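Pulled from TrEMBL:
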type	residues	note
BINDING	B:LYS109	NADPH binding site
BINDING	B:GLU194	L-homoserine binding site
ACT_SITE	B:LYS209	active site, proton donor
DOMAIN	B:363-439	domain 'ACT'
Number of protein chains: 2
Amino acid sequence: MNSIQNPLRLGLLGAGVVASGVVKVLERNQAEIRRRAGRGIEVARVGARNLAKARAALGDGLAITDDLDAVVTDPKVDIVVELIGGTTRARELVLKAIASGKHVVTANKALLAVHGTEIFAAASDKGVMVAFEAAVAGGIPIIKALREGLTANRIQWIAGIINGTTNFILSEMRAKGLDFGTVLKEAQRLGYAEADPTFDIEGVDAAHKATIMSAIAFGIPMQFDKAYVEGITKLQAADINYAEQLGYRIKLLGVTKRRDDVAGGGIELRVHPTLVPAKRLIANVEGAMNAVVVNGDAVGSTLYYGKGAGSEPTASAVVADLVDVTRLHTADPDHRVPHLAFQPDALDNAPVLSIEDVVTSFYLRLRVADQTGVLARITGILAEHDISIDAVLQREAGDDETQTDLIILTHETREGRMNEALSKMQALPTVLAPIVRIRKEELN
Amino acid sequence: MNSIQNPLRLGLLGAGVVASGVVKVLERNQAEIRRRAGRGIEVARVGARNLAKARAALGDGLAITDDLDAVVTDPKVDIVVELIGGTTRARELVLKAIASGKHVVTANKALLAVHGTEIFAAASDKGVMVAFEAAVAGGIPIIKALREGLTANRIQWIAGIINGTTNFILSEMRAKGLDFGTVLKEAQRLGYAEADPTFDIEGVDAAHKATIMSAIAFGIPMQFDKAYVEGITKLQAADINYAEQLGYRIKLLGVTKRRDDVAGGGIELRVHPTLVPAKRLIANVEGAMNAVVVNGDAVGSTLYYGKGAGSEPTASAVVADLVDVTRLHTADPDHRVPHLAFQPDALDNAPVLSIEDVVTSFYLRLRVADQTGVLARITGILAEHDISIDAVLQREAGDDETQTDLIILTHETREGRMNEALSKMQALPTVLAPIVRIRKEELN
């Protein structure tokens with residue numbers, strides 16, 4: 001059999017932005033891809049709910065049906081590419097494709113973060129591959145780096161800017177000194193934020209991606225329900241400004257970390273606004289770009305940067321998965337790259353820790369009465385809780401002001417302990433407004 | 001056969017810094033690696049010229065011989081890891097290992113850049129793998145990104161800081177305003193530069209790595225002999241300073257670029273000091289760190305950053321290759337990832353262009369007489385050669401000075417054309433010293 005004369009046949013589910021990117025890239029770069037893969041890749045059939053829209057998006061040359069089930073069971077389809085999104089219908093179709101013996105490529109982070117364990121178990125049973133490079137950080141090959149490039153390492157932590165919408169908003173807030181609401185409207189106008197931006201600005205999208213990275217970095221099951229998720233909607237321009245004065249930038253990071261100091265081991269999995277030293281490369285990632293830092297015990301910190309969304313950047317990851325499947329489907333299934341980087345029988349059961357047990361340093365902003373003794377009271381409370389101070393910035397009150405901002409950077413502490421200290425500080429009569437608390441990571 | 005009970009057996013050639021890193025990482029992370037690879041990896045035999053030194057470096061527990069040929073033909077060895085360096089003995093041993101049906105992992109960039117075509121042909125004939133992640137940018141999985149992560153793309157260009165020694169020297173020159181010679185001595189004292197630093201500071205090491213990236217990005221044979229190579233030894237502190245004032249940093253870049261505007265196609269392959277806009281992430285890569293930017297037509301620019309050298313970072317890449325081989329050796333050889341990313345019968349014969357045909361923008365520094373009309377004469381010569389000017393910086397001459405520095409940034413032009421213009425400018429009586437010319441890349 002001359003494999004070059006037998007192209008790999010896709011069943012494509014979806015006809016949106018990414019699907020049209022996949023069709024375009026496969027068409028435009030077909031010669032290049034065939035030179036690499038050793039055989040062609042062609043779209044055999046497309047399943048989309050709205051036929052008219054699908055034809056408008058993908059062109060007339062393709063066989064399009066609105067019977068999505070027929071695509072995933074079609075004997076003329078070798079691989080199913082799932083790009084419809086969501087977690088209900090997508091789950092059914094992916095499981096049905098696997099049951100029909102098809103390999104699956106998906107860009108659906110929500111599906112994997114929530115139903116990944118079930119899907120990978122089904123795929124292992126049937127000896128098929130489920131590839132998902134496009135599910136995290138768009139065109140950046142971060143899944144491949146984690147799962148294959150860094151296999152020598154005991155991975156210590158990952159910290160990533162993995163949502164372009166929020167990074168665009170934070171970049172604009174800093175550059176222009178504007179408030180969250182104003183920049184969100186601008187982002188919506190420019191197409192960087194959706195009409196309903198909840199999943200992005202509340203950190204849910206980033207948490208899906210952090211969950212997936214956590215699983216393949218540490219060899220644990222997907223545990224999205226255990227992730228701590230905090231978005232950027234409450235972030236104020238004043239804090240971005242104070243952070244800057246102290247040499248930091250505020251980024252929405254997805255963080256996952258191995259905690260060897262916890263008895264029996266533990267994993268941190270969290271998304272929240274984070275102060276990062278301005279001199280770190282990741283602090284200088286601006287606009288809608290994504291970047292992920294991975295720290296391994298042998299290699300140290302490596303960083304991966306690029307476009308985390310968009311039609312062709314995401315298609316780049318989908319097509320790379322297709323080429324991988326083309327190359328590797330002849331390997332003994334027991335010797336292929338495991339879905340979650342670790343062999344299915346070698347997963348770890350280290351628990352995801354509650355946010356109370358997470359250890360970070362902190363940025364605190366307190367609105368305080370401009371009186372002597374205030375700083376002593378507050379630092380006294382931190383000392384009582386064994387929380388040591390890294391830096392203090394007290395804005396000088398104007399002549400006619402009776403209150404001022406007090407900024408404190410702390411060293412690392414357990415979040416539960418910080419919460420106790422915060423509630424004592426908040427109760428002081430000289431603390432005049434709710435205390436702002438933002439986590440800080442040195443990432444060194 | 002329970003594969004987990006049959007570890008993969010290495011024959012390790014070399015007992016230096018990287019070899020000891022490989023032994024340490026395999027030992028320390030053996031559980032982690034086995035969980036990923038599905039089987040253990042053990043050092044079955046070590047070949048090293050100096051037995052006493054090898055025992056001191058690697059410990060007493062290993063079977064060490066000074067008969068390197070016996071290691072590569074040993075039936076108890078599954079994979080040969082070549083870490084002796086050099087191009088003569090290493091070539092013999094690698095070819096002998098391949099002839100004996102062993103897979104090979106190597107960190108030897110010089111060997112591949114010079115003899116890669118011969119070695120990969122031999123490996124294809126025997127159906128064995130030759131993996132070389134450690135040969136470029138140490139622990140950064142850039143080979144995997146190029147060969148597998150970005151397969152959907154027609155790659156347009158690559159630009160990398162791929163030599164830590166020179167990046168350390170340039171970072172120090174900029175930070176401290178010191179001259180090359182002074183910083184080189186400091187780098188040697190700190191261990192960032194070797195006693196004989198020629199290969200690093202003259203750009204040869206970077207050119208080996210750029211050659212390898214060029215081959216896998218564009219599907220061309222290795223052509224180190226066609227690379228243009230210029231080091232950093234002539235770089236002056238004044239130019240780093242002027243570049244800074246104009247918003248640029250000077251980095252030693254390895255650049256390879258596809259030139260579709262040349263009839264029949266052409267590839268640029270070059271290493272030289274380069275002005276890069278200070279706002280680009282790669283311009284902010286400091287010290288001995290490495291970073292590579294890859295531009296593909298679908299994904300846009302992606303960047304990969306990390307430690308480019310050192311014992312465990314390099315070992316990280318070697319061991320990742322070992323895990324890859326462990327995973328993939330059961331695949332049909334025709335379906336494995338091709339050595340050079342493209343199928344051996346699908347290589348391109350686009351020629352590597354001579355430096356005269358390379359297109360870049362330029363930074364020029366002219367020491368000129370402080371007289372009226374000088375700027376007009378010089379810009380007139382550029383205009384005659386159709387070279388347009390992007391920016392001019394003229395240092396104001398002091399009251400008692402009769403000469404001054406004139407800095408010109410140009411737009412893109414063919415280097416041959418710039419050479420003609422330069423020789424006319426150099427001949428002007430008002431140009432008082434050899435003109436400094438540094439290439440500039442916008443990398444957008």
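Cβ coordinates come from backbone N, Cα and C, glycine included.
For the recorded site, B:LYS209 (active site, proton donor), the DSSP three-state label reads helix. Secondary structure at B:LYS109 (NADPH binding site), taken from DSSP and collapsed to helix, strand or coil, is helix. The domain 'ACT' (B:363-439): residue composition by secondary structure is 23 helix, 28 strand, 26 coil, according to DSSP. Between B:GLU194 (L-homoserine binding site) and the residue listed as 'NADPH binding site', the C-alpha separation comes to 17 Å.
In this model, the domain 'ACT' (B:363-439) carries an average pLDDT of 95. Geometry remark: B:LYS109 (NADPH binding site) versus B:LYS209 (active site, proton donor), CA distance 6 Å. Of the listed recorded positions, namely B:LYS109, B:GLU194, B:LYS209, the sparsest Cβ surroundings within 10 Å are found at B:GLU194. DSSP assigns B:GLU194 (L-homoserine binding site) to coil in the three-state reduction, placing it in neither a helix nor a strand.
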